[in-house]
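Noted in TrEMBL for the protein shown:
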- 6-24: transmembrane segment (TRANSMEM)
- 67-87: transmembrane segment (TRANSMEM)
- 99-120: transmembrane segment (TRANSMEM)
- 150-295: domain 'Palmitoyltransferase DHHC' (DOMAIN)
- 196-223: transmembrane segment (TRANSMEM)
- 258-284: transmembrane segment (TRANSMEM)
Amino acid sequence: MDFLMLFLIYLCFVLAVTALLCLCSGRKESFLARSVNRASQVLSLVIPSQLQRLTHRALHRLFHTRSCLFVVLHVALQAAVFGEYTWEVFVYCWELQFHILLLLLPYLLLAGNVGCFLLCSRANPGTVTKSNAASLVKVYAYDGVLFQRGLVCPTCTVEKPARSKHCSVCRTCVHRFDHHCVWVNNCIGASNAGVFLLYLLSLTVTAGAVAAVTAAFLIQVLLLSNIMHSTYLDAQGQEHAVEIPFLVQHLFLTFPRIVFMLGFVILLTLILGGYCSFSLYLALTNQTTNEWCKSRRFGGSPHLPSQPHDRPLVYKNIYSKGIWGNLKEIFNPPTVLERKKK
């Protein structure tokens, strides 16, 4: 019972923090941003300056430079989950005569996920260079709100195509920039957005498959032990059926590593499922994460010089071509020749 309550509290806390971050993301003056700024100001008065500098350098090294640390962490988590799945769940399920295709399904999904990961991390996301900038400018129209014609990247010294952005981590401009993903150690742009979506889908389904097989094994154990049909007597001598918290506690005491892995994989599936749904929504509406964040905080931004001050700027997504057209564009990015034919 204690383990179940602690795990539920932990699960609710992580989900609440994730939901709060999603709600506050993209808002320039959000309550979360103000709270973090105030907390950092208070801590700066207590923490020594040398420790602050070391912390800033470590955070800059971790999140603002290309690093393989998150890739190593990604591989380590997958190795730990599949190591536990192979060492205990697979062996027990084999003895219980589970169908071989059901047991091999997580490995098949893992192979597809690793393939998508390699393609996404090694692919050129769509780097804007001096040689291709003139042609990329003609691919997408400028909406006049988020993207203005004639702007030059001060770092790359090239004209910025519509829907592009300079990535401070990769130190280059990326065509149809979505975001920089530390887990694949690469930017997500026009050339690898489709592979990244497949990577997210395969990762979510892989975690769900591991959770489903593990849960099926634990349920089968409960059925074979007949503990689900047993009863107990309370202090008044009345007979009651065994409750779910007792079953979870019994499984945790019998298979602690398997139950812990199942809880972690379920939590991971929920988080990945939420992010995967968000990415699928962006793909179906032909938006990028960069555009979604900019459009959300656009209401608080000042007027552009070319816009009259008495006329409020209204953002409208001009790049959507319908559901099927948007999906096609994700996996087959448009070129200059395709736009000329239209």
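We count from 1, first residue shown onward.
Cβ atoms are placed via backbone N, Cα and C, with glycine included.
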Sequence-distant residues near the transmembrane segment (99-120) by C-beta distance (under 8 Å, 6 or more away from its ends) are 74, 78, 82, 85, 90, 93, 181, 184, 186, 188, 192, 195-196, 198-199, 202-203, 205-206, 209-210, 213, 216
DSSP puts the residues of the domain 'Palmitoyltransferase DHHC' (150-295) at 83 helix, 20 strand, 43 coil
